[in-house]
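I have placed the structure first, in the form of structure tokens, so that the comments after it can refer back to it.
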Amino acid sequence: MQRDSLVFDLIQKELQRQRQGIELIASENFTSLQVMQAMGNVMTNKYAEGYPGRRYYGGCEIVDQTEQLAIDRIKEVFNCQYANVQPHSGAQANASVLLATLQPGDKILGLDLSMGGHLTHGSPVNFSGKLYEPHFYGVKKETGLVDYEQMEEVARRERPKMIICGASAYSRDWDYKRIRQIADEVGALVMADIAHPAGLIAKGLLASPFDHCHFVTSTTHKTLRGPRGGIILMGKDFENPFGLKDPKGNIRMMSNLLDMAVFPGIQGGPLEHVIAAKAVAFGELLSEDYTQYAKQVKSNAQAMAKALVAKDYHIISNGTDNHLMLIDLRNKNITGKKAQETLDRAHITLNKNAVPFDDKSPFVTSGIRVGVPAITTRGMNEEHMQTVVNFIDKVLMNIDDAAVVSSVAKDVHSFMEQFPLYPELG
Ligand SMILES: *Cc1c(COP(=O)(O)O)cnc(C)c1O
């Protein structure tokens with residue numbers, strides 16, 4: 001059959017775009033070549049509904065081994081007892097935990113989307129806000145830090161069945177012990193969604209949720225640097241504190257309830273080719289190289305925050321503990337939308353983002369979110385953060401000057417030549 005040049009040319013162009021630009025989207029990263037290669041493989045042809053050793057189809061003896069390897073490796077990475085590596089995405093992982101533990105109409109309590117939370121934590125446009133009754137906590141206006149008093153107050157008033165912590169645009173660590181105390185007082189379960197900072201947690205650079213949270217979910221493609229996908233983890237695999245039942249009314253181990261919620265609950269056949277790539281990525285997480293990477297991410301984020309503050313950029317909560325930060329651009333009189341669009345023309349990619357208590361619509365916003373996982377994978381260190389901030393500042397300070405913006409684009413291209421991306425791909 002003829003090669004589909006239409007599609008492969010577009011793939012080549014996307015590679016070129018990724019090579020040339022500065023990637024600051026906090027949720028993106030670059031997988032290793034072997035993770036990518038593991039993803040494009042014959043396991044895409046295999047149906048494997050079920051779990052290793054208990055499948056509904058024949059011929060699963062090989063995919064059983066890759067899936068088991070992925071499970072064993074990620075359990076070792078987080079030193080936890082239960083892992084499900086089948087969720088197609090972070091959203092599916094969260095959907096599975098809620099399906100396993102709640103009844104429609106039950107109350108959930110999560111961080112407000114406009115304060116840094118995620119759609120799957122109770123947004124009215126998401127299943128989580130439609131099937132369940134969502135309530136929210138926020139961050140404090142003065143400090144930008146999670147308002148645990150508000151979490152406690154809403155929890156006492158509403159008595160939710162599930163408290164969700166974790167965020168998409170929050171630069172500080174979480175007090176999991178305190179969250180668990182609040183949950184225990186009102187009889188709630190706790191789910192920590194570590195989709196963003198998982199890699200830093202894996203390496204002990206942030207607090208671990210495993211001792212305090214019943215469930216931990218994550219994506220695999222953000223700081224974890226694997227293929228796009230999700231995982232569900234538990235520190236202990238036996239707890240079913242509230243005697244939760246399966247759809248037939250039997251009390252089961254929590255691990256069984258979670259497995260059943262992923263399949264057959266919300267998914268059909270697992271993506272065994274992606275699971276193979278997850279296994280490769282999880283192996284990389286165990287390496288010394290990745291430990292160095294995670295440390296570099298954290299110190300690059302701090303160097304970037306410092307360089308931004310020196311140029312009078314206002315960072316929510318005044319800094320970062322993790323890999324990202326949220327910049328409030330109101331003192332610069334620039335909207336998040338305009339900043340994103342103009343930086344894009346200079347081939348600096350990031351996203352507009354609402355800041356806490358934003359007065360602008362989510363389509364405009366007052367802020368931008370900046371993350372360093374991708375540029376750290378490209379090989380940048382603390383000194384390069386200053387250069388990146390200089391580029392950003394030059395664009396934003398000349399936001400209506402197309403000539404300056406395109407000169408920055410040229411400078412960005414030559415700067416990025418120092419950091420080859422997938423040289424093996426030609
Ligand atoms: C990215 C993210 C998700 C969802 O991940 P997808 O793979 O895009 O579905 C879930 N929760 C949080 C906190 C996230 O940041």
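The backbone N, Cα and C atoms fix where each Cβ goes, and this holds for glycine too.
Any TrEMBL annotation is an automated prediction that lacks curation.
The domain 'Serine hydroxymethyltransferase-like' feature in TrEMBL is assigned to 2-392. As annotated by TrEMBL, (6S)-5,6,7,8-tetrahydrofolate binding site applies to L113, G117, H118, L119, S361, P362, F363. Look at TrEMBL and you will find H221 tagged as site 'Plays an important role in substrate specificity'. Look at TrEMBL and you will find K222 tagged as N6-(pyridoxal phosphate)lysine.
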Reduced DSSP assignment, H118 ((6S)-5,6,7,8-tetrahydrofolate binding site): coil
Filtered recorded positions, from L113, G117, H118, H221, F363, whose Cβ is under 6 Å from an atom of ligand 1: H118
Which same-chain residues, if any, lie at least 6 apart from H118 ((6S)-5,6,7,8-tetrahydrofolate binding site) yet have Cβ under 8 Å of it: G90, N94, G110, L111, G166, A167, S168, D193, A195
The domain 'Serine hydroxymethyltransferase-like' (2-392) [mean pLDDT, rounded to integer]: 97
Protein Cβ atoms within 10 Å of P362 ((6S)-5,6,7,8-tetrahydrofolate binding site), excluding its own: 13
Entry from the binding-site residues list L119, S361 having the most other CB atoms no farther than 10 A: L119
Whole-number Å value of the largest CA-CA distance among L113, G117, H118, L119, S361, P362, F363, listed as (6S)-5,6,7,8-tetrahydrofolate-binding: 17
Secondary structure at H221 (site 'Plays an important role in substrate specificity'), reduced by DSSP to three states: coil
Assigned conformation of S361 ((6S)-5,6,7,8-tetrahydrofolate binding site) - DSSP reduced to three states: coil
Nearest-integer angstrom distance between the alpha carbons (Cα) of L113 ((6S)-5,6,7,8-tetrahydrofolate binding site) and the residue listed as 'N6-(pyridoxal phosphate)lysine': 19
Same-chain residues at least 6 apart in sequence whose Cβ lies under 8 Å from H221 (site 'Plays an important role in substrate specificity'): S27, E28, N29, T31, P227, R228, G229
